[in-house]
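Annotated features in TrEMBL:
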TRANSMEM  B:23-41  transmembrane segment
TRANSMEM  B:74-92  transmembrane segment
TRANSMEM  B:112-129  transmembrane segment
TRANSMEM  B:163-185  transmembrane segment
TRANSMEM  B:191-217  transmembrane segment
Amino acid sequence: MVSINGTLLFQFLNFFILVAILAKFAYKPLLKALEDRRNKIASDLDEAAQARESAEKMKTDYEAQIRNARAEAQAIVDKAVKQADKEAQAQLNAIRNQITREKEIAQAEIANEREAAIRAMRNEVVTLSMAVAEKLLKKNMDTDMNAKLIADCIEKLHAQKAKGN
Amino acid sequence: MELHAGHHLVVQFLGMNVNLDTLMMTWLVAALVIIVTVAATRGPSLVPSGLQNAVEMVIESLLDQFKETLGPKYGQVVSVLLTMFLFILFANELGMLPNPDILASPTNDLNTTVALALVSSFMVHLMALKNQGFKRHFKHFFKPFAPFVIINLMEEFTKPLTLAFRLFGNILAGEILMEVLYFLVPVGVPMVWLLFSLVIGLIQAFIFTILTTSYLAPSFQE
């Protein structure tokens with residue numbers, strides 16, 4: 001029942017033939033498939049890590065860009081506000097100057113007008129006085145009055161002559 | 001009753017006695033192993049499924065063991081170790097099919113198990129000579145002290161002997177018990193023992209391979 005015989009030799013050979021067949025037709029493709037899969041997973045993981053890294057870098061870049069853009073926009077707005085203030089101030093000053101100038105011109109004109117009015121009034125008064133005087137003179141100049149006037153004049157002349165002597 | 005398990009059909013071939021049934025079962029097992037592994041690895045896809053997945057799972061877990069025990073140079077013996085496991089596993093389980101008159105495990109023949117144990121032993125020495133050189137391999141018989149040469153040399157014989165007899169004993173005992181159970185209680189009970197034997201078949205295949213790996217480990221040390 002238990003004996004060692006020629007079967008041992010055959011089993012030895014059988015085993016090595018089986019090893020040779022399996023090594024060529026089964027293990028080679030199988031180990032290659034396993035190795036390929038391992039490499040693929042490793043490279044996929046690498047790629048994923050790289051993609052993640054680049055995405056993070058991109059994110060940082062974009063954030064920096066957004067920060068810069070925001071700062072630039074703020075600067076532009078600040079500048080515009082400043083410029084607008086400046087321009088408004090300048091316009092205000094110009095208007096103020098113009099108003100002052102126009103006021104001066106108006107005052108000068110008013111003064112001229114008044115002067116002219118006063119002058120005209122004076123002339124008018126003189127003319128009126130003269131007319132009144134003329135009327136008065138025309139009305140009251142009769143012979144008695146004339147004689148009296150002449151007499152007065154002569155008297156005054158005499159008086160002056162006597163003073164002069 | 002007369003036991004069938006363990007009896008062999010002996011024929012004369014080239015002046016030697018040869019157990020023909022063992023050889024035929026061996027060829028059947030070899031054919032099955034080839035069919036299953038080649039079918040599982042033909043046109044391997046990146047995402048494995050079905051048979052490819054099952055075979056890859058078994059082989060990858062074995063490869064992990066080999067790698068851990070033998071280090072990066074395990075590729076030198078990976079084909080032999082994988083074949084050892086697959087052949088013993090299929091051989092053990094085939095004999096467990098419930099018709100002991102036709103199918104018997106080739107591993108219930110001491111010739112098979114001794115042949116496998118000799119393969120293991122030869123491989124250990126071959127790898128030691130290849131990786132360590134003759135001088136270093138020869139010196140290791142005298143470690144830790146010179147008198148240990150007796151124990152070390154004895155070990156070189158006991159290692160393959162225990163491998164061979166462990167496998168042979170487990171499988172033959174399983175088959176004999178199965179036959180006895182079929183004879184005594186034909187219904188139910190043999191099924192329980194069958195399930196148990198299937199697990200034993202797996203464990204024995206694993207033990208044989210892993211022990212060979214651990215015997216190989218010193219040959220792979222730097």
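If you go along the chain as it appears here, the first residue is 1 and each next one adds 1.
Placed from the backbone N, Cα and C atoms, the Cβ positions cover glycine too.
Remark: the transmembrane segment (B:191-217) makes no contact with the transmembrane segment (B:23-41), by the rule of 3 or more CB pairs under 8 A. Counting same-chain residues at least six beyond the ends of the transmembrane segment (B:23-41), those with a Cβ under 8 angstroms from any Cβ of the stretch are 51-52, 54-56, 83, 86-87, 90-91, 94-95, 103-106, 112.
Long-range contacts of the transmembrane segment (B:163-185) within the same chain: residues 1, 3-6, 88, 91-92, 95-96, 98, 100, 104-105, 107-110, 112-114, 116-117, 120, 193-194, 197, 200-201, 204, 207-208, 211-212, each at least 6 residues beyond the stretch ends and with a Cβ under 8 Å from a Cβ of the stretch.
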